[in-house]
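This report concerns only the one structure given below.
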């Protein structure tokens, strides 16, 4: 009996971890942070319970979109080394279970957000889930090299959701946070595509290096990085401690530009990887700086 229980427990734990990975937790962490940032810097107050509900709905919505994405992309995930060990291509979760979970979490997160927080936040969450799941995953990703540019709209909405959870309205401040994420997304994913462009080509995904070449991709990374740097200076105009923010944001942005320039002037795998790795840490730290500078 004990040996049977000991066998069952690891299986249960592994199954839970597989479903957790289906929700793309690394993306979820960043989405939740940006949503919380929108809540914190918004004028006015929000009941702690409502803030928790809003945060959970944003997390569930992100997970729902991740599950639907993995369901639809399981065929191409199986072709790429980077993604072949994901739950569905690895045979750990069935496609039907994945889509069922994604749809259930979508309905729950949007419904609870509408009822418990407000309608505009629920509508924005529905748009974010729908845009990522349908516009990006099912249409843009396999049809245009601008897939991550347009698809980046979905990932840039959460700070607006956080803001509207408090104010029930959209303002210029929340749109600036939206723009930061929107401009960050292309250089982040283009760095990844430089690392894996042969696999994208094999899977017939029209990423920019596949359709327009490596040099054009490098130019795009540099241009978007410059525009991103300029936009990241704007939150200092409305944050309480603008000096603290700029002291954080400017060095972060210069380092981002440094990595982008290194990518532009080099064909070194490790330069591409350094750009991709730094871009993840960059956005986390930048939004933490925004939070700290709001007090």
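Counting starts with 1 at the first residue shown.
Using N, Cα and C of the backbone, Cβ positions are placed for all residues, glycine too.
Taken from Swiss-Prot as is:
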TRANSMEM  27-46  transmembrane segment
TRANSMEM  50-72  transmembrane segment
TRANSMEM  93-115  transmembrane segment
TRANSMEM  119-136  transmembrane segment
TRANSMEM  148-168  transmembrane segment
TRANSMEM  175-195  transmembrane segment
TRANSMEM  219-239  transmembrane segment
TRANSMEM  244-264  transmembrane segment
TRANSMEM  275-295  transmembrane segment
>> Counting a contact as 3 or more Cβ pairs under 8 Å, with residues at least 6 apart in sequence, do the transmembrane segment (175-195) and the transmembrane segment (93-115) touch?
In response: no
>> Using a Cβ cut-off under 8 Å, which residues of the same chain at least 6 positions beyond either end of the transmembrane segment (93-115) come close to it?
In response: 18-19, 22-23, 53-54, 56-58, 60-61, 63-68, 70-71, 74, 87, 121-123, 125-126, 129, 133, 161
> Are the transmembrane segment (275-295) and the transmembrane segment (50-72) close, by which I mean at least 3 Cβ pairs under 8 Å that are 6+ residues apart in sequence?
Replying inline: no
